[in-house]
Amino acid sequence: MPLNHRFIGASMFLIAFILSYFSDFIQFNIEKTTMVVVYLAILQLVYLNYISNYQRNLALSLIVVIAVANLFFSKYKLKFYLNVPLALLVVITLLPVESSAVSKIGYFFTYILVAGLTYFISYFKTKEDNKLKEKLNLIIEGTNVGTWEYNIQTGKTVYNEKWAEMIGYTLEELNPDSIETWDSLVHPDDVKKSEKRFQEHLKGKTDFYKCEKRLKHKDGHWVWVLGQGKLISRTEDGSPLKVLGININISEQKEHERTIKELNKIAVEFQKLSSEDAICNKTIEAAREILDFDLCGIALVKDNKFIIKATSGEIDIDSLPLNYGVIGKAYRNNNSYLNKDIDVDPDARPVKKTYKSGIAIPIQDIGVFQAASNEKAAFNQQDLELAEILISHTKAALESVYYQKELEYKSFHDSLTGLYNRRFFEEEMNRLDTKRNLPLSIIIADLNGLKLINDSYGHDKGDKALIKTGEILNEVLRDEDIIARHGGDEFAVLLPQTDNETVVKIIKRIKNKVYEFNQKEDIPISFALGSATKNDSDQDIEEVLKAADNNMYQNKLSERQSSKNNIFQALLNTLSAKSDETKDHAIRMTELALKFGEKLNLNNSELNRLSLLATMHDIGKAAISENILIKPGNLNEEEWKIIKQHSEKGYKITSSIAELSIIAEDILFHHERWDGEGYPQGLIGDKIPYLSRVITIIDAYDVMTHKRGYSEPISKKDALAEIENCAGTQFDPDLAEKFIEMME
């Protein structure tokens, strides 16, 4: 056989091998290519058989061998480097062979070897590929991901089992495996969106194809999937050829997103609700949409216990202690709990033994939400998280209601006493001013001596006196009566359908209640009371209010001094009770003051004033803590600062009482020094009131010669020496000299 004929025969096989690897057209039209190769092989052998006078049986055998070899090669698409040994074997046919018998045997074994090697290489390569494919399938199966492969040129689409299972089918049921089958499953509203994003990727506008869409399940419902893919190859002319991708079932995620949106809508609805009951019931209603339970409920904390406000079903209890079961634990720790098996939880105390799992979520310090199921592990972490979102909206709604109630309460109530305020009183007065409420009476009560209490004991005591006034009025008056704090120390009461005779009895009960209170308390209180009654609908209610106020004022004028005297006496009692030393100090000073006053030739009026000053100069200490007054040892800086306030406190107390106001300034300045280093104002020399200068020397002498909590006494001689030494600095030098003369 001529060399050129053998070259043509061998080249046909080489071309077939090479084209099956490099040519995209042949790769994706492998069936047609295989048939062409087979037919060419047949024609070649027929021709060679003709020119070489081969036997027919041999020609037929060679045709079969060539067909099998090419079919195996076409099926597995072996890579070029694996075909090199095969190509070398085929080249053997190009060697010059003189003997026709040798030539026949060479051709026969060459083709047999080509077919055998093709088969075995394909077998082992396929086995390795199958292992990798199996491993990849296991990974994909573990991730619950569906895979797809789309040939854009042929329209053929290949899916894996997971892809089909995702929408309820088997692979066999999805035939034909074409893009049309895919399109028939996509939701009509998602087709354009998916196609647009796919084309954008094919045109190179995006790195990946990515689109969320709905696929129709075999049962008829829609399954949300996230489709992702990437173009992996193009044709020789640059057209898109093959895309590989995955589908991930995101139905749960979409359901979660839908639930979140619903919860946000519920949050808006919550803001329209204006009561605890409405919010709690709405929470139960919303919980049905996101949880599968047998019972759920909300308990709010009232009076140091759980009060059941709303439930999804009937229960036999309406309250629980704060330490009850998991809800108590959730409330105390302010932490949510997911309980998958109640039977093994020592903290669980279900209201029914049938409950096997549950969740408990605190509503901060407001209460607790709980859901329970008869099934174990009925709730998962996502259920808990969704419920927490719902309860966060519940909490915000409840806080909003409480805030509105607080604002409303504050707008109509006095913050100190808790009684109604003037605004509410006036609105109610106008509302009740109707014929059916006649006779309509008004009582005005004014707390006597509030300023004196504030000045003497501090504003805390004054506030307590106001609070107690409100409590006494509440105890005596009826539920239908309107009690309000009308001003600073003034209270007003509206009494519908109450005549004057009844009002007189009520006022008497108020006075009796005040008397009972004063028998037990150190600081007495008293009210100036006045009343008026509207009997005729023609009367102006404002005039009735003025009449009640005028009556109160008249009574106050007659009671004011008595009230102040009672408070003042209480102050003296308080001061004596705090320190016997202070009481004895005042007695000694009074005796010494009278003696020194006579030495100074004071008249009777000045002597009486000096005597009163000696007795009352430390009255301001009644408002100072006993712990400071009798503290052993030296006072610290803060305590000394408090002690120095007693002269100003004494001034405020005495200036508010007519009989004592004459010594108010003397008390204020009795700790001033001649050199201006004293307190509270640092007055110098004769700018200090005369009696203040006198009492300063007497006070210092008595303090030095008698034991105090912070110092030991010294002798009279040493005390007088100290006064002499401080004359001109601490003391008026002229008065100091005369005091020393008197004492020597």
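Note that the numbers count up from 1, one per residue, in the order the chain is shown.
Each Cβ is built from the backbone N, Cα and C atoms, and glycine gets one as well.
Unlike curated entries, TrEMBL annotations are predicted automatically.
What TrEMBL says about this protein:
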TRANSMEM  6-22  transmembrane segment
TRANSMEM  34-51  transmembrane segment
TRANSMEM  57-73  transmembrane segment
TRANSMEM  80-99  transmembrane segment
TRANSMEM  105-124  transmembrane segment
DOMAIN    132-205  domain 'PAS'
DOMAIN    209-262  domain 'PAC'
DOMAIN    438-570  domain 'GGDEF'
DOMAIN    560-744  domain 'HD-GYP'
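Across the domain 'PAC' (209-262), DSSP helix (H, G, I), strand (E, B) and coil residues number 12 helix, 31 strand, 11 coil. In terms of DSSP secondary structure, the domain 'GGDEF' (438-570) contains 77 helix, 26 strand, 30 coil. Residues of the domain 'PAS' (132-205) grouped by DSSP class, helix first, strand second and coil last, total 42 helix, 13 strand, 19 coil.
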